[in-house]
Amino acid sequence: KIVLLLAIVSLVKSDQICIGYHANNSTEQVDTIMEKNVTVTHAQDILEKTHNGKLCDLDGVKPLILRDCSVAGWLLGNPMCDEFINVPEWSYIVEKANPANDLCYPGDFNDYEELKHLLSRINHFEKIQIIPKSSWSNHEASSGVSSACPYNGKSSFFRNVVWLIKKDSAYPTIKRSYNNTNQEDLLILWGIHHPNDAAEQTKLYQNPTTYISVGTSTLNQRLVPKIATRSKVNGQSGRMEFFWTILKPNDAINFESNGNFIAPEYAYKIVKKGDSAIMKSELEYGNCNTKCQTPMGAINSSMPFHNIHPLTIGECPKYVKSNRLVLATGLRNTPQRERRRKKRGLFGAIAGFIEGGWQGMVDGWYGYHHSNEQGSGYAADKESTQKAIDGVTNKVNSIINKMNTQFEAVGREFNNLERRIENLNKKMEDGFLDVWTYNAELLVLMENERTLDFHDSNVKNLYDKVRLQLRDNAKELGNGCFEFYHKCDNECMESVKNGTYDYPQYSEEARLNREEISGVKLESMGTYQILSIYSTVASSLALAIMVAGLSLWMC
């Protein structure tokens with residue numbers, strides 16, 4: 001009995017080393033291919049959901065915010081848009097959905113949507129005079145005004161074009177050319193007036209039948225006025241139609257007309273090309289700076305995805321329709337609960353055989369807990385932890401870099417004749433967004449599964465590293481722990497952790513202790529067998545006496 005008791009006490013006080021992993025108070029949850037809402041020690045949100053609700057400078061360059069003016073009102077020079085007569089370089093253009101100051105004289109702007117698309121590749125215009133207003137000596141250049149375009153309570157007209165009227169009851173045929181001697185392309189605008197009736201035609205232009213011819217090396221245009229009775233818009237029954245072209249360097253534009261001509265006075269020299277956009281937004285300027293702008297506000301984020309608005313300008317995350325994208329960077333967070341029986345202390349283990357993580361180990365993801373006569377403590381395995389951190393960091397950065405390539409996310413505009421094309425374009429863009437969203441969500445699910453498996457594998461590798469060193473000098477307890485068959489002081493424990501454990505040095509002591517424990521087990525088994533036989537014989541004898549007594553009594 002004394003030998004058995006000593007053996008049990010010896011077992012309780014045996015030195016131990018355990019392999020485990022970090023745990024903390026995190027409540028972060030991620031989804032994987034196999035599971036939802038897995039709690040992890042560390043996670044990284046890769047979906048930006050916030051913006052500042054302002055229009056900002058883009059990389060230090062201010063946007064051109066047209067306020068109540070449209071692009072057409074700005075380019076033609078609506079009198080109510082005088083603040084935009086000369087504008088500095090812009091990063092992007094902001095136009096309201098329904099600006100009040102558009103074409104003050106009712107009409108149409110030909111290929112307007114195409115012009116807006118052109119502006120999405122331009123960052124700066126320089127306005128230059130190409131045909132001075134004072135050069136029209138045979139025509140009335142100052143009488144072409146309208147109450148539809150008021151300025152300071154008086155009739156006015158677009159600032160950048162001239163509405164030519166007959167002079168002294170005559171409208172001589174115009175033949176005027178302009179040669180682009182600049183090194184830059186020129187944006188030139190002109191127009192035609194469509195009167196309400198024949199009386200207005202002769203009143204303004206004298207000639208009942210008129211035309212306008214415009215030609216460049218790439219353009220051959222002939223226009224005739226469309227005289228028709230129309231309902232009034234802005235008090236006008238007439239209409240104006242405006243046109244534009246890009247005149248290349250060393251090319252010339254030629255105008256010929258005998259009436260109804262709205263001549264260019266100013267043109268726009270395209271002095272800087274680059275990525276720009278025309279963004280529809282009602283926001284105000286916020287005196288801020290950003291790398292990514294949306295119609296809802298600026299995004300300042302290094303995340304690879306956002307769900308704020310599909311239209312963006314700048315270095316932006318990719319838009320997806322998801323509400324949540326979280327990457328696991330740490331381990332499954334399963335803190336081990338303290339047990340009632342504390343003979344072994346807090347020991348944990350990995351998926352499959354380790355019961356929980358250690359909150360006491362704070363300086364690494366994987367590591368050890370040891371206990372011996374000198375005490376106990378946690379120690380992180382710095383090498384495996386650092387390799388894991390590098391691997392996860394590289395993976396996250398790789399995902400961000402891979403997903404940073406974005407298709408053009410600036411909306412296109414279509415005229416009324418192109419609605420079917422617009423609908424098709426929207427369906428295609430919606431399809432792209434659906435694909436990107438699916439890819440992003442699938443990528444996150446797969447990477448989270450791989451990350452958690454990666455951590456499990458690292459802990460298992462650390463366990464195997466210890467197991468292969470100790471061999472039969474220690475016993476595997478099945479919960480991530482090893483119980484030594486020999487005394488293992490702190491120096492011995494450190495050698496196990498750093499991989500320099502000397503198996504032969506401790507093998508003899510371990511063998512003797514192992515044999516002693518085996519002997520105690522055998523002796524205990526023999527004692528229990530004797531007691532069992534004795535108990536059986538005694539019980540049988542008592543039963544026989546009782547049966548005999550009963551027989552005599554019955555006789």
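Note: Cβ is positioned from N, Cα and C throughout, glycine not excepted.
Looking up CYS292 in Swiss-Prot gives a disulphide bond whose other cysteine, out of CYS288, CYS316, is CYS316. Between CYS104 and the candidates CYS18, CYS56, CYS149, Swiss-Prot annotates a single disulfide bond, the one to CYS149.
Summary: among the disulfide-bonded residues (CYS69, CYS316, CYS492), the fewest other C-beta atoms within 10 A of the C-beta are counted at CYS492. Summarising the environment of ASN179 (N-linked glycosylation site), the number of other Cβ atoms within 10 Å of its Cβ, over all protein chains shown, is 13. Under DSSP, CYS81 (disulfide bond) is assigned to a helix (H, G or I) in the three-state scheme.
Of all Cβ atoms in the protein chains displayed, 24 besides its own lie within 10 Å of the Cβ of CYS149 (disulfide bond). Comparing ASN24 (N-linked glycosylation site) with ASN37 (N-linked glycosylation site), their Cα atoms are 17 Å apart once rounded. When Cβ neighbours within 10 Å are tallied across all protein chains shown, the highest count among the glycosylation sites ASN24, ASN300, ASN498 belongs to ASN24.
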